[in-house]
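What follows is a single structure, written as C-alpha cells, with notes after it.
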Amino acid sequence: MATESTAAAAIAAELVSADKIEDAPAPSTSADKMESLDVDSEAKKLLGLGQKHLVMGDIPAAVNAFQEAASLLGKKYGETANECGEAFFFYGKSLLELARMENGVLGNALEGVHVEEEEGEKTEDESLVENNDNVDEEAREELREQVYDAMGEKEAKKAEGKSLTKPETDKEQESEVEKGGREDMDISEPEEKLQETVEPTSKQLTESSEEAKEAAIPGLNEDEVASGKTEQESLCTEKGKSISGAYVQNKEFRETVEEGEEIISLEKKPKETSEDQPIRAAEKQGTLMKVVEIEAEIDPQVKSADVGGEEPKDQVATSESELGKAVLMELSGQDVEASPVVAAEAGAEVSEKPGQEITVIPNNGPVVGQSTVGDQTPSEPQTSAERLTETKDGSSVEEVKAELVPEQEEAMLPVEESEAAGDGVETKVAQKATEKAPEDKFKIAANEETPERDEQMKEGEETEGSEEEDRENDKAEETPNESVLEKKSLQENEEEEIGNLELAWDMLDLAKIIFKRQETKEAQLYAAQAHLKLGEVSVESENYIQAVEEFQACLSLQEQYLEAHDRLLAETHYQLGLAYGYNSQYDEAVAQFGKSIDVIEKRMAVLHEQMKEAEGSFTEYEKEIEELKELLPEIREKIEDAKESQRSGNVAELALKATLVESSTSGFTPSGAGASVSMIASRKPTDGASSSNCVTDISHLVRKKRKPEEESPRKDDAKKAKQEPEVNGGSGDAVSSGKEVSENMEAEAENQAESQTAEGTVESAATIKSTAC
C-alpha cells in the first residue's frame, strides 16, 4: 500500500508540473511583444518629431524622421498595412516640400548662415593687425631704425656678393685657359708617347739612322747604303733583336720635327683651307705626313740594297715585312687621322728630291716602285697635285670623296697579299693611308648622312606633328565623351530632383490607397488630403490636367464629410483655381476662386456667431478671423489676374486669328486675281478673230526661246574638236567635222534671228488689231 501511495503522489506531482509549464508564457512571444511595443512607440515618436521639424521648417530632418518611421512600420506590418498609411502620407508630404525647396529659385539661399559670427571673426582678425594711429612716436622711431639696419645689411650682402662673383669669373677664365691647354696637350700626347717609346731603343740605332739619312740626301751612294744596311743588321744580330722600322721612323720623325719647316707649313695649310675639319684632325694629318717622309727616306736604303746585290732578296723581303708590320703596329696604337690629300702631298714632296723613288697612291691602288735608281717616272703625280690644288682653292669635296672610294676598297686587302705581290715598302704608305681611310670614310659618311639626318629630323617632326594632331583628335574625341558625361551627370541631378517628386507621388499614392480602403471618416479625410497633395505634385511637375483631376477628387470627398464653411474646402477651391489658371482655363479659375471666397466668408460668419454664443475669451476667434481677412485680398488678386489674363488671352486669340486670316488671304488672292485676268484675256481672243489664237501661240513660242548659256557648251565642244587633230596629229576628218559643227551653229543663229524678226512683226500686227477693236 505504501508503494502505491508513493507512485500516485509522484504521478500527481508530474501532472502539476506539466500544468505549470503549460501556463508559463513562451519567452519568444514575450520578446516579440516587447519588440512590437518598442516599434510602435518609436514610430510614434518619429512621426511627432517629423511633424515638429515640418512646422519649424527643417524639411530634410522631417524627411529623415518620416522615412525612418515608415521603414519601421513597413518592416513590422507590411507596406500596405493600415498602420503605415499615416507614415507614408507625412513622408510624401515632406518630400513634396523638399522638392519645392530644391526647385524654388527665390528661396532663402543664406538660410542657416550666421552672418554675425563672420563679422565677429573679421573684427578679431582686424584686432590682430596693429593700427598706425595707435602707435607712438617712440615706437615709430624704433621701427625706422630697424628698417634702416635691415636695408644696410642687404646692401652689405650685395657688395659681398659682387666681390665674390669677381674671383669666380676669374676662376672660370682660368679654367677655360686650362681646358684649352689640356686640349693642346691632348693633341701633342701621341707625339710625346711616340718619343717616349722610341727613346730607350733609338739611342742604340742613332749611328745607323744618321748614316742612312746622309746616304739618302746627297745622291744615295750604293756602297754607303749597303754598309749602313750591314751595320744595322749586325747590331740587330748582336742584341738578338730584329730590326723594327718603327723605331727608326720614330727617331727620324723626331729629327724631322726639329728641322722641317716645310712640314709645319704643310700642317698650317689644311687648317686654313679646311675650316670644317677640327684642329685635332689637321695636326694628326701633319703627323701622318711626317711618317710618309720618313718612309720615303728609308725606301732608298732598301732599294739600294736591292741594287747593290750584297744582300739576297729574301733578307730584303724579311726586312720589308718587318718594317711594314712594325709600322702597322705603331699606327694601330695611335689615334691618327689621315686624308688622301695629305698622302698625295707627301708623295709629291718625295718625288721632288733627287735620287729617291717616287711612291704615289693612285686611284686604282698602290704602284710598285721600280728597283732602278736612275730613271724614275711617277705614275700619276699630276693627278695628286691637281687634287691638292683643288682642295687648297676651297673646291668641293665631292671629287675627293669619289677618289677615296678605291682607296677605301684597298683597305680590305690583307698585308700578306701585298707583300707576296712584291709591293715592298711602297705598300706600307698605302696601308697607312688605307688604314686611316675608314676613319675618313666615317667622316665622309657623316657628312653625307647630315642631309639624311635632316630629312629624318623633318620626317620625325612631321610624325610628331601628326602624333600631336592625332592627340588633338583624340582629345577632341574625348571632349565629346566628357560632354556626354557632363550631360549624364546633369540628367542624373535632374533625375534626383525629379526623383523627390516621383518618390513623393509614390508615397502619397500608397497612402491614398491605404486610406480609401478604410471606411472611417478620418481615413476618408486623409484620403482627400492625399488627393490634394497629389494634385500639388502634379502642379510642380506641370501636369495640370492630372492636378485638376486630383483636386476634384479631393473636393468630392471633402464635400461628403466636411461642413460648407470648413477651411479645407476653401483651400481645395483655391488650389483648383490655380490649376485651372495654369491650364489657361480662366473662367473655371475665376469660378473656383469665387467659391473659395464664399467658403471663407461663411467661416467668418460662423465664427462671429460662435463669439456671440461663447461666454469666455474671444481671442481665438478673433485671431482666426484676422487670418481669414488677410487671405481674402490675395484670393481677390488672383481673381483679377485671371480676368486680366482672360482678356489678354482673348485679345491674343483675336490677333492670332487675324494674322492667320491675313496670311491665308495673302496666300490665295494673287493667284485668284491672276486666274481671273488670264480667263478674261483668254475669252477676248476667242470672241475676236482667229488671228488672236496665232498671236497667243507665237507668245508661247517666244517665252521658250533659247538662252545663250545653252550655246556655250556647243561652242566649247567645237573648239575642242578643232584642237584635238592639231595636238594629237589626227587626220583632216576631225577638222571637217569641226567646220560642219560651226556651220550648223551659224545656221541656227540665223534661224533664231529670222524667228525673232517674224515674232516682232506678228506682235506689231496684233497690237494694231487690238487697238482697232
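Every residue number used here counts from 1 along the chain in the order it is shown.
A Cβ is built for glycine as well, from the same backbone N, Cα and C atoms used for every other residue.
Bear in mind that the values here come from a model prediction, so they are computed numbers and not experimental data.
Of the listed segments 597-645, 646-694, Swiss-Prot assigns coiled coil to 597-645.
Of the residues Ser379, Ser466, Swiss-Prot records the annotation phosphoserine for Ser466. The stretch that Swiss-Prot tags with motif 'Nuclear localization signal', taken from the ranges 450-456, 702-708, 737-743, is 702-708.
Looking up Lys45, Lys251, Lys303, Lys443 in Swiss-Prot for N6-acetyllysine, the annotated residue turns out to be Lys251. When Cβ-Cβ distances below 8 Å are used as the criterion, the repeat 'TPR 3' (570-603) is approached by residues 532, 535-536, 538-539, 542, 544-545, 547-548, 551-552, 554-555, 558, 564, 628, 631-632, 635-636, 638-639, 641-643, 645-646, 649 of the same chain, each at least six residues removed from its ends. Averaged across the repeat 'TPR 3' (570-603), pLDDT in this predicted model comes to 93. Here the repeat 'TPR 1' (43-76) is broken down by DSSP into helix, strand and coil counts: 32 helix, 0 strand, 2 coil. Around Ser648 (phosphoserine), no same-chain residue six or more apart in sequence has its CB under 8 Å from its CB. Break the repeat 'TPR 3' (570-603) down by DSSP state and the numbers are 31 helix, 0 strand, 3 coil.
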